[in-house]
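**Student:** This is the feature table in Swiss-Prot:
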type	residues	note
DOMAIN	24-207	domain 'EngB-type G'
BINDING	32-39, 59-63, 81-84, 148-151, 185-188	GTP binding site
BINDING	39, 61	Mg(2+) binding site
C-alpha cells in the first residue's frame, strides 16, 4: 500500500516565529518529550532512516523542522517536527525560548490542522505532556497521541496504559475541549500501529480523499 507520508523530504528549519514559511498547505505538528522516540517515529512513518535526526544530547534541538509530503513539485502538506521538551539539563533561557516558540506556534498557526503527541507508553501524560494539550486546546483542532515504545510492555500492560490514557483524555473533553482527543499504541521497532497512524494523518491533510476511501469501502 502506498502512503502519502512515504513521499517526504526535508523542507526548512526555523528558530523563530517570524521565520515560519509562508506556505498554504496543511501542517501536522509532532510533539513529545526528548526521550519519547519522536524522531524515530517520524522516520518509520515516512519509511526513511535519516529524515528526522535525534540529537545525541537530548534536549539540544531548539528549532522547528519542516518536512514536505507529496509530490516534490506540488507538496500536499507539511510535517512539523517540534523541539523535544522536558530534558532537565537544558538551560533556563533555552527552556523559556522553547515554551514561547511551541505555545505561540500551536496557538496561532492557521495552517496547523492537528497535533501528534508522542508519549512513552510507560510514562504517558506527564505534566509537560498535559501542558502541550492545554496550549493546543483553545484551537479546537484534533490531538492524536501515540503511546510509543509499547513493545517494552506486556500485552496487558499495553492495554492498561491505553485505557488509562484514554480515560485521562476524556476528562479534557468533559471539561469542554472541542477538538478530538484520540490515542493508540505505537512501536517503531515492531511497526505496531503504523497503518492506523498513516490513515489518521492522511485524513487530516486530505479529508476529501479520506471520505472517498471510506465511501469506496462502504460500497
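From the backbone N, Cα and C atoms, a Cβ is placed for every residue, glycine too.
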**Student:** Just to verify: the residue among 36, 188 with the fewest other Cβ atoms within 10 Å, which of the binding-site residues is it?
**Tutor:** 188
**Student:** Reported as an integer number of Å, what is the Cα distance between residue 188 (GTP binding site) and residue 39 (Mg(2+) binding site)?
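**Tutor:** Per the Cα atoms, residue 188 (GTP binding site) and residue 39 (Mg(2+) binding site) stand 10 Å apart.
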**Student:** Need the DSSP three-state call for residue 36 (GTP binding site) to compare against my parser.
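**Tutor:** In the DSSP reduction, residue 36 (GTP binding site) maps to coil.
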**Student:** Do you know offhand how many angstrom separate residue 32 (GTP binding site) and residue 39 (Mg(2+) binding site) by C-alpha?
**Tutor:** 10
**Student:** Using all protein chains in view, find how many other C-beta atoms are within 10 Å of the C-beta of residue 32 (GTP binding site).
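**Tutor:** I count 27 other Cβ atoms within 10 Å of it.
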**Student:** Relative to the Cβ position of residue 63 (GTP binding site), how many further Cβ atoms are located within 10 Å?
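**Tutor:** I get 15 for this one.
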**Student:** Of 39, 84, 151, the binding-site residues given in the record, which has the fewest other CB atoms within 10 A of its CB?
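**Tutor:** Ranked by other Cβ atoms within 10 Å, the binding-site residues 39, 84, 151 bottom out at 151.
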**Student:** So what's the mean pLDDT when you look at the domain 'EngB-type G' (24-207)?
**Tutor:** 90
**Student:** If I take the Cα of residue 39 (Mg(2+) binding site) as reference, which of the binding-site residues 63, 84, 151 has the closest Cα?
**Tutor:** 84
